[in-house]
Structures are given as structure tokens and as C-alpha cells.
């Protein structure tokens with residue numbers, strides 16, 4: 001009995017410290033395509049290690065012609081054959097017969113598409129809407145500069161927009177660069193992908209910079225008695241006060257469960273709330289003035305272009321990967337895109353239909369019809 005115990009202890013000790021790995025964590029295939037990946041141990045084991053292939057997600061998407069069980073006897077690679085049966089996403093996870101072997105990196109994400117050319121079109125749409133959204137800030141900046149006035153531009157919208165893009169940038173930078181945050185995220189999503197790319201960071205920083213320029217224009221150009229409203233100031237105060245308090249609690253260790261990731265999620269949810277409501281003040285201001293003078297339609301046309309292509313890309317991806325749950329199951333992304341486009345359509349209706357022939361607003365007219373005073377302006381042609 002003591003001999004058997006000694007042998008078991010020897011095998012367990014030899015296996016401890018070993019790691020099971022794969023050659024690729026991501027495979028992109030077309031339907032009926034045959035591919036695969038290598039499985040290996042980072043050092044030779046003292047005994048045979050049995051490996052089992054499981055598919056906890058997307059079991060009907062892939063098949064394994066060579067079987068789902070094999071053995072590793074040394075440090076050589078073992079090739080696992082994989083066939084793409086249908087469009088969709090699958091997660092392949094490998095487990096061993098020795099519990100002391102580290103298998104946290106032994107997984108493969110498989111994406112199976114119907115037609116590769118749809119992916120090319122989707123990528124083209126992605127670049128177009130990235131450019132459209134990036135450029136969309138400048139028509140308003142140019143209009144303000146040309147008029148030397150920001151009368152007609154909602155300060156609530158600008159304040160909310162700046163806070164929203166700051167929150168968006170904080171989340172992206174923290175998620176992309178912080179190893180602690182990434183470790184917390186992967187602990188919750190072991191086979192997941194960090195949901196931030198470098199273009200997200202670049203866009204967020206650029207959007208913050210462009211919005212800050214507009215804020216400076218609001219400080220130095222003619223604005224009459226326009227200011228940020230009390231409700232907007234209260235909301236912004238709540239968000240930034242919450243960020244400071246939440247940050248102090250996080251630094252002090254008051255949140256032991258994924259502290260920094262949870263803190264970044266605060267900024268993500270703040271951006272979500274702001275995106276839902278930020279256009280309302282501008283739409284209401286246009287309604288009160290019965291005019292869109294001072295509000296650049298160029299910004300809206302570019303935003304509508306970007307938003308439409310973004311949603312079209314989502315539909316293409318959902319169709320190509322037969323993954324409609326990612327479209328309608330993720331209300332946040334789909335819902336925000338729909339709401340943004342709806343506001344764009346409202347602004348276009350105000351500019352081109354409802355207030356198309358609105359007369360120039362004089363200071364006297366503004367005194368009589370509106371609580372704010374407006375300088376004489378000429379209907380902007382955008």
C-alpha cells in the first residue's frame with residue numbers, strides 16, 4: 001500500500017506545474033471547412049495524460065472526426081481535427097485526467113461563417129462608420145467658428161457629451177492597459193476576449209478632444225444667457241461625485257470582488273445613461289425656438305451615416321454567423337444604435353421639414369417668444 005501511495009504521489013508531483021496549451025485560441029472557418037489545432041504540454045509528463053475535448057457552447061457548430069479523447073505521453077504536439085458543420089460560434093475546452101495540470105489556457109474559440117465576402121463588406125462598413133463618426137464633430141465646430149456664436153446649441157447636450165466621452169475613454173483605457181483589470185475580467189470570462197481594441201481608445205480620446213473644443217467655443221463665443229440647466233448640472237454632479245466616491249472605496253479595498261473592473265463598469269453604465277438622454281435637450285431647444293439655427297445638420301448627417309452602417313454591420317454579422325442572439329439579445333448595443341438613429345431622423349425632420357422656412361430670429365422675437373435671448377442669426381445652410 002505504501003508503494004502505491006508513493007507512486008501516486010510521484011506522478012502527482014511530476015505533473016504539478018505542467019500546463020496544457022493549444023496552438024490557436026481563435027479559429028475562423030467557413031461551413032464544411034476542415035481545420036484543427038495542436039495540443040501540447042509545456043514539459044514532458046512522467047506518465048500518460050489523458051485529454052478530453054468538450055464543447056460547452058456551440059456543440060452543434062463543430063465536429064471532431066478523429067474523436068474527442070486522446071493521450072499525451074511526452075511534450076510533442078497532438079493535432080486535433082475539427083470540422084465546421086454550420087455557421088455559428090463554439091467554445092472548445094480541453095480537460096485532463098490529472099487535476100494538478102493547469103488547463104486555464106486550453107481552449108479554442110471557433111467562429112464559423114457562411115460566406116467570407118460578407119466579412120469583407122462588413123469590414124468596409126466598419127471603416128466607413130469609424131471615419132463618419134470621427135469627422136462628425138467638426139461641422140458643429142466649424143459652424144460655431146463661422147458664426148462666432150453658439151446660440152442655438154444646447155449646453156446641456158455639450159456637457160453630457162463631454163462627460164460621456166470621458167467615461168467612455170476611462171473605461172477603454174483601463175480595460176486595455178491595466179493588467180489587473182484584464183485579470184479580473186478573464187476570471188469572470190475565462191474563454192472571453194478583452195472587449196476593447198486600440199481603435200476604441202483612439203476614437204474615445206479624439207471625441208473627447210473635439211467635444212472639449214466645442215466647450216471652449218461655448219466659453220468664448222456669443223452665447224447670450226444660455227447655460228447648462230439645473231437638471232443637467234444635477235445629473236453631471238451625481239455622475240462625477242459617484243465616480244470620486246466609488247474610486248475612494250475601490251482604492252481603500254471596500255470592494256473585494258473584482259474592484260477595478262467594477263469601477264470601470266461604473267463609467268460604462270454612465271456612458272450608457274448619457275447616450276440615452278443626451279439628444280433630448282437639443283431636440284427640445286429646437287422645438288422651443290422653432291428653428292435649427294446654430295445646430296449643424298452636417299453633424300447629424302454624418303452621425304446617421306455612421307449609425308446606419310454600424311447597425312447594418314450588426315445585421316450582416318448576425319446573418320453570416322447565424323448568431324441573431326448577439327443582435328437582439330444584446331439590447332444595449334442594438335438599442336442604443338436604434339435610439340441614436342431615431343434622434344438623427346428627428347433632427348433631420350426638424351431641419352428639412354418642420355423648421356425649413358423658419359425666419360431669421362431677431363433679438364426682439366426671441367424676447368417675445370422664448371425665455372432665452374437670441375442674437376440675430378441667419379438660417380445656416382448646411
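Glycine is no exception: its Cβ is also placed from the backbone N, Cα and C atoms.
The signal peptide feature in TrEMBL is assigned to 1-17.
Taken from TrEMBL, the feature transmembrane segment applies to 117-138 (among others).
What TrEMBL records for 150-171 (among others) is transmembrane segment.
Under the heading transmembrane segment, TrEMBL lists 201-222 (among others). Proximity of distant same-chain residues to the transmembrane segment (201-222), defined by a Cβ-Cβ separation under 8 Å and at least 6 residues beyond the stretch ends, is recorded for 130, 133-134, 137-138, 140-141, 144-145, 147-151, 153, 155, 158-159, 161-162, 165-166, 168-169, 172-173, 176, 375.
What TrEMBL lists as transmembrane segment is 234-254 (among others). Beyond the transmembrane segment (234-254), the same-chain residues lying 6 or more positions past its ends with a Cβ under 8 Å from any Cβ of the stretch are 159-160, 163, 167, 228, 260, 262-263, 266-267, 270, 274.
Positions annotated as transmembrane segment by TrEMBL: 260-280 (among others).
What TrEMBL lists as transmembrane segment is 300-321 (among others). Residues 87-89, 111-115, 118-119, 121-122, 125-126, 128-130, 132-133, 135-136, 139, 327, 333-334, 337-338, 340-341, 344-345, 347-348, 351 of the same chain, all 6+ positions outside the transmembrane segment (300-321), place their C-beta atoms under 8 angstroms from a C-beta of that stretch.
Annotation comment: TrEMBL describes 327-347 (among others) as transmembrane segment. Nonlocal intrachain contacts for the transmembrane segment (327-347), taken as residues 6+ away from its ends with a CB within less than 8 angstroms of a stretch CB, comprise 272, 275-276, 279, 282-283, 286, 292, 295, 297, 300, 303-304, 307-308, 310-311, 314-315, 317-318.
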